[in-house]
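Below is one structure, written out as structure tokens, with a few remarks after it.
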Amino acid sequence: MTSVGKCLVCLLAVALAAGEIINVPDGGRERDQHSRRGKHGVLTTAKSAATSRAQKPQALGYHERELETSYWLEQAQETLAKKLATQHNTNHAKNVIFFIGDGMSAQTVAATRMYMGNEANSLSFEHFKDFGSVRTYCVDRQVSDSSCTATAYLSGVKINYGMINIGASVRRYTCEYDRNATDIEGLLKWAQDAGKATGIITTTKITHATPAGAYANTANRYWENDVEVEANDCDPSRVEDIAEQLVGKDVAQRFNVILGGGRGNLLPEGAIDEEGHHGYRQDGKNLIEQWKNTHEPMGRSEYVWNREQLMALDASKTDYLLGLFESGHMKYNLELKDNAEAQRMEPTLEDMTRKAIEVLQKHEKGYVLFIEGGLIDVAHHDTFARLALDETAEYSKAIETARKVTSEDDTLIVVSADHAHTMTYNGYPLRGNDILGLGDISDEDDLPYTTLSYANGMSYYSTYTADNLGVREDVSKYDYTKIDQQYMAMVPLNAETHGGDDVGVWVSGPMSHLFRGVYEQNAIPYLISYVAQIGEYYDGSSSGTGVFGSVVVVVVCAIVSLTRR
């Protein structure tokens with residue numbers, strides 16, 4: 001580098017330290033005027049639409065400085081200066097917060113930036129210092145589900161589709177097998193054995209596949225209660241369902257925090273919960289009462305079922321917390337937004353994150369907290385794009401809060417997804433165009449299409465006409481301001497599927513640089529355990545031997561082998 005170049009980098013680093021950072025202003029949430037619409041919002045003809053391509057949009061949708069070459073050059077130099085000024089944090093982590101955005105594909109992240117106001121925006125975790133990418137396939141499927149991936153990123157082993165924490169040698173729906181030979185333990189158990197506090201949070205049922213990956217072993221992810229076990233011709237008295245494991249297994253009993261939905265799987269049919277819903281169980285077990293009885297002698301324990309109770313809780317006087325806020329999955333954030341009563345009853349993911357940290361942070365040896373933004377996935381399966389993006393924005397808020405109330409010196413925060421979805425961000429829409437509206441008009445059938453669409457799903461039937469499935473509907477007739485408006489799909493399926501894409505890993509805190517690069521999803525818990533000195537690295541071992549060292553050796557050998565070919 002020339003002396004002039006070095007001076008420039010130094011000057012930029014000083015400017016950054018002084019806080020002189022160029023920001024792209026938030027473009028707001030105003031709906032931009034589509035270039036192909038008339039004054040009444042009706043789509044113009046193909047001829048007039050073509051003419052509009054050469055016209056400047058009424059609302060820019062971007063900052064005027066973006067028209068200047070110097071803006072982009074300065075931005076690139078800032079990025080370089082930041083990277084040159086960055087130093088590795090080589091501390092070991094006292095605390096770990098592991099976030100999973102269920103179904104949060106790269107396209108979902110990109111579209112959410114626009115949902116938040118502008119393509120140049122960033123979600124909170126995109127400001128994290130280090131980034132990697134992981135492969136998400138199962139042992140027996142190219143495209144994974146939430147259960148085999150949960151086993152990978154929580155327990156460090158890739159297994160079969162539809163199963164949780166059971167080795168791939170066992171087939172799905174197997175009622176009985178050699179559990180000593182094939183059951184797998186993972187990150188939360190390793191943390192407990194090292195004396196750390198632990199907790200799990202989700203916006204879905206607490207027995208759903210992702211949170212269940214923290215504590216359960218099951219040959220079918222849907223065995224959430226005894227009825228579902230029996231439906232697959234297994235004996236519920238011999239096959240423990242997921243809800244029973246949440247209350248009965250040692251690792252789950254030691255959770256200091258459990259927050260989410262799913263009361264129905266813990267209550268018998270004859271019981272009615274606080275909101276008037278019947279339980280699902282036919283074995284007569286009331287597992288909420290069982291949890292209370294188990295934890296009463298263990299310490300100061302609290303069960304809560306609404307937001308008011310959660311927020312009023314004295315975290316300093318609580319050792320064990322169970323919060324179940326719905327019979328099934330929790331409500332979407334947009335369902336709460338304009339409903340004061342719903343907001344009073346149901347906490348946000350950010351609320352639960354903050355309270356959990358308050359409960360856990362008093363533990364001298366630290367904690368490991370696992371948090372799922374689960375409704376991103378639920379919305380995508382129904383092709384509810386607006387709900388999926390809003391849940392991603394809420395997930396980002398929770399991560400921002402977690403980073404603000406903890407220290408980068410001693411708290412590792414890892415953010416990732418379990419798998420992708422089939423939603424695409426496509427066409428050539430103008431900057432400032434409504435990400436949830438129409439993107440353009442096809443030059444083949446002269447019909448409009450949305451910027452966001454899905455490869456498959458039930459919305460196929462609103463994408464094509466009932467009389468002729470080879471002809472598309474005029475999708476401009478749909479109301480894209482509705483929270484449950486379905487988006488275009490190409491293949492009819494009763495639910496939209498996952499995607500096989502790699503997913504990102506964003507990391508902040510001690511040894512975040514270890515998470516860089518492209519690797520298998522099952523490496524994540526080993527990286528975390530090395531940084532936190534739990535599992536194989538407990539007892540003060542930080543030599544990099546054991547599993548982590550073996551992984552490094554395998555990677556190096558593979559690289560050498562490839563280069564010799």
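Keep in mind that glycine also has a Cβ here, set from the backbone N, Cα and C atoms.
As annotated by TrEMBL, signal peptide applies to 1-19. Annotated region 'Disordered' per TrEMBL: 25-58, in sequence order. For 45-55, the entry in TrEMBL reads compositional bias 'Polar residues'. Annotated Zn(2+) binding site per TrEMBL: D102, D377, H381, D418, H419, H498, in sequence order. Per TrEMBL, Mg(2+) binding site is recorded for D102, H208, T210, E372. Annotation comment: TrEMBL describes 546-563 as transmembrane segment.
Known features from TrEMBL, placed on the structure.
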residue : record              : Cβ contacts under 8 Å, 6 or more apart
D102    : Zn(2+) binding site : S146, T204, T210, E372, G373, G374, L375, I376, D377, V378, A417, D418
H208    : Mg(2+) binding site : S146, T202, E224, G262, H329, G374
H381    : Zn(2+) binding site : G103, G457, A495, E496
H419    : Zn(2+) binding site : G103, S105, T136, V143, S144, D145, S146, T149, H498, G499, G500, D501, V503
Legend entry - Cβ-Cβ neighbours of E372 (Mg(2+) binding site) (radius 10 Å): 30
Legend entry - Remaining residues near the recorded Mg(2+) site, that is with C-beta within 8 Å of the centroid of the site residues D102, H208, T210, E372: I100, S146, A150, T202, T203, T204, A209, P211, G373, G374, D377, D418
